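See structure below.
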Amino acid sequence: MQRRGLLPVFNQLTKTISEIATERSSMTPGSLAASPGMDEGDMASIQLQRSCTKSSPCLAADHPTDCGETVKGYFGWFDNVLRFPGSSAASSVEEPPPSSASAQQASDQSYLKMFESLYFNPSFLKSVGVSEPIAAAAPAPTHAQTDKDLKDAPPIGFSFSPAGLLIPYHLGAAFHLRKMGVITNATPISGASAGSLTACAVGMGLAADNAVRAVQRLAADCREKGTRSRLHDCLMKELDELLPPDAHEQLNGRAAPVTVAYTEVFPYPAGRLVSQFDSRDDLIEVLCASCCVPFYFSAWPLVQCRGKVAADGFFASELGAFGCPVVAARRTVRISPFPASVVGLKAMGPNDVITPDLNPQFPLSMPKLIQMSLLPADEDEFELLYQLGQQDAAEWIRQEEKVGWVEGVNNDGEGQREREREGDAPSSRVAAEKGA
């Protein structure tokens, strides 16, 4: 069944985390209210769903008949790792020692080791054998989605993968595509996790330097005070400062949709694709859900989004997409800072990926990319990532021009206006700021 397509991922995640995560520095017994956006009502809902593992038939009338199997893994995960109030193990958990910079760094490194063993372990990916996306709720219907042959859809769209703290690569690629007139207001774009932040920044027309500065501040904060369990609050702060009051209206009113992916966890994993936002707060909540890497984003592995328990958008697409949501266009180009050849990112057509594979001299190894995705880059690495994203996007454009591709490139002057507004080399501003 398609809606259970990623159940093996979550079950394996449960098992592996239980085996690897030996330290619990950020997990404390206490009220669920400590989790971002969650309250006692959510706890009551979760307690109701716990009955699925103990009763047949399920006590929750709106749950699928087989959801006991689905949620069983979650609550083994919760009981054994999170020590929720009321769990059999909660009373034996000791309070963690006071936090310190060294303890935070150790926590970050511990998660990095676990993260590598899951998301970039070929044996793990092969063992879960996911070939279909989990049940994905489509965005609001568009002309592209109601026309089966998509002949009236925009010619091209771009989808940004999860990237963690490699987001400077995404920004470099995205703003270069916009500067060159390839991404315009009429170009559908989408993203998950860090990719969703990039899609929204470009989609609402934020200036490149403003977006870059926001990510620089976030990275500096994480370098100084640590990343694991703090990223939610750091991101909330930057989004609140960066997004204009009408950010949601700008996205809703765009000629082509900007789509954000996140994963709704209960009663079974379900991908959610959102392209209409009720308010600025709703937009921020959806973005935070899309970025919720379990056990890293905050002190709790899950957040609340639109009244439901949610997790990272990485899980909302099929394995071959590496978290890149589809867009309402005849052609989807997937963008990732990880080499497609290594992570198994599949192109939907010829030249339909922008990744480090385009650069034979790409200077960063896969282990280094994984490390930088979780541990913030220093200022020199930040600028390098931004430039590498620009270079790979530029190389993609050159390859398109070789085969005479012109459809989708805007020639009405919008690209020229972007070049004049943003300058020829956005990365030069990064260097200027660093020297200021």
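The first residue you see is number 1, and the count goes up from there.
Glycine residues also receive a Cβ, built from the backbone N, Cα and C atoms like all the rest.
All TrEMBL annotations are machine predictions without curation.
Annotation source TrEMBL lists domain 'PNPLA' at 158-330.
For 191-195, the entry in TrEMBL reads motif 'GXSXG'. For the motif 'GXSXG' (191-195), the number of residues in each DSSP class (helix H, G, I; strand E, B; coil) is 2 helix, 2 strand, 1 coil.
Annotated active site, nucleophile per TrEMBL: Ser193, in sequence order. With a cut-off of 8 Å between CB atoms and residues at least 6 apart in sequence, the same chain places Ser161, Pro162, Ala163, Gly164, Ser290, Cys291, Val293, Asp312, Gly313, Phe314, Gly323 near Ser193 (active site, nucleophile), listed in sequence order.
Per TrEMBL, the feature active site, proton acceptor maps to Asp312.
Look at TrEMBL and you will find 407-436 tagged as region 'Disordered'.
Residues annotated as compositional bias 'Basic and acidic residues' in TrEMBL: 414-424.
Long-range contacts of the motif 'GXSXG' (191-195) within the same chain, counting only residues at least 6 positions beyond its ends with a Cβ under 8 Å from a Cβ of the stretch, are 159-167, 170, 259-262, 290-291, 293, 312-314, 316-317, 323-325, 335.
Along the motif 'GXSXG' (191-195), the predicted structure has mean pLDDT 96.
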